[in-house]
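Engineer: This is the feature table in TrEMBL:
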DOMAIN    194-309  domain 'Ferric oxidoreductase'
TRANSMEM  38-60  transmembrane segment
TRANSMEM  86-106  transmembrane segment
TRANSMEM  127-160  transmembrane segment
TRANSMEM  188-209  transmembrane segment
TRANSMEM  230-252  transmembrane segment
TRANSMEM  264-282  transmembrane segment
TRANSMEM  316-333  transmembrane segment
């Protein structure tokens, strides 16, 4: 009897020691995982802040000098100056996308579910606190309102910085007549609008990459992120329209409008602008609501817009290439995963006007033993 009690005590002691060891291993694993997540998150934030700051600094004299130094230091590689500019403008956002993959893997679905299930006391949150309820933007949270203000400040600052740098070049043109001076000033202003619009394209394609790790990283669903694409689209097309219209006015004053338009670089810009205007007009709410198919099929002109924009913008296309690259990868992966035919189980019109479709999916190929595991 005593031997049985001693044996059971030793057995329970062994089990308790093993349980403590497992807990210690889990605790150490959690510490290392949290440290790795913190390092990845900090690195991504640093890269993002430096990336945004670069767009603000490059139009200035200091930024131009730093940009020239970067090009001189890295243009000796295989791809030359284009590769250097592409690495500078598009490399950071692509690097963030790559770092987001291990960060999301470390986060894990189970941990995310536990965080959602935790009971948290009510508190003020920028992402959920509404600031604007009625208006052209719809319901706007405090965080979105701050983002709108920052983008407006960014656009105004970029226009101002480009104008200062360009107008400093006026004395180098020598003695000009009033007509010639007016045309040069108009071309400088148009160039500033175009450069600012190309900077906005760096963010333009990021919200509409449905399967992008960036949307999962910041926790914004695709359906909600599309509104950011719409806002950026309106602002970008306004800048591009002003860019093209002012150039047309300047060329008309100079008297060689047709000759300038027929130049390949300018003709590509005209084609890109016309395709963008078609997408812009058909994306307006009355047209999109009543003629959704027209809006959808017209939006496939984005390929024409991007191709001819690259032909027209040349070096400035590097600023938008990163977001376009991530969008193309997402489109390619979704194309490979898509099916030609699908059965619709049910359709329901929600109060907000959105049509909800429930589609069938293929049966699972897993055996019954997977369920037991």
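Glycine too: its Cβ is placed from the backbone N, Cα and C atoms.
Automatic prediction, not curation, is the source of TrEMBL annotations.
How buried are the listed features, and what sits near them?
Structural biologist: The DSSP breakdown of the domain 'Ferric oxidoreductase' (194-309) into helical (H, G, I), extended (E, B) and coil residues amounts to 98 helix, 0 strand, 18 coil.
Long-range contacts of the transmembrane segment (38-60) within the same chain: residues 66-67, 88-89, 92-93, 95-96, 99-100, 102-103, 106, 154, 157-158, 161-162, 164-165, 195, 199, 202, 217, 319, each at least 6 residues beyond the stretch ends and with a Cβ under 8 Å from a Cβ of the stretch.
Packing against the transmembrane segment (230-252) from elsewhere in the chain are residues 137, 148, 151, 155, 182-183, 186-187, 189-191, 193-194, 196-197, 200-201, 203-204, 207, 260-261, 266, 269-270, 273, 276-277, 279-280, 283: each is 6 or more residues past its ends and has a CB under 8 Å from a CB in it.
For the transmembrane segment (264-282), the list of distant contacts is 233-234, 237, 240-241, 244, 247, 288, 291, 294-295, 298-299, 301-302, 304-305, 307-309, 311-314: same-chain residues at least six beyond its ends, Cβ to Cβ under 8 Å.
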Engineer: Summarise the model confidence on the domain 'Ferric oxidoreductase' (194-309) as a single mean pLDDT, whole number.
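Structural biologist: That stretch averages a pLDDT of 89.
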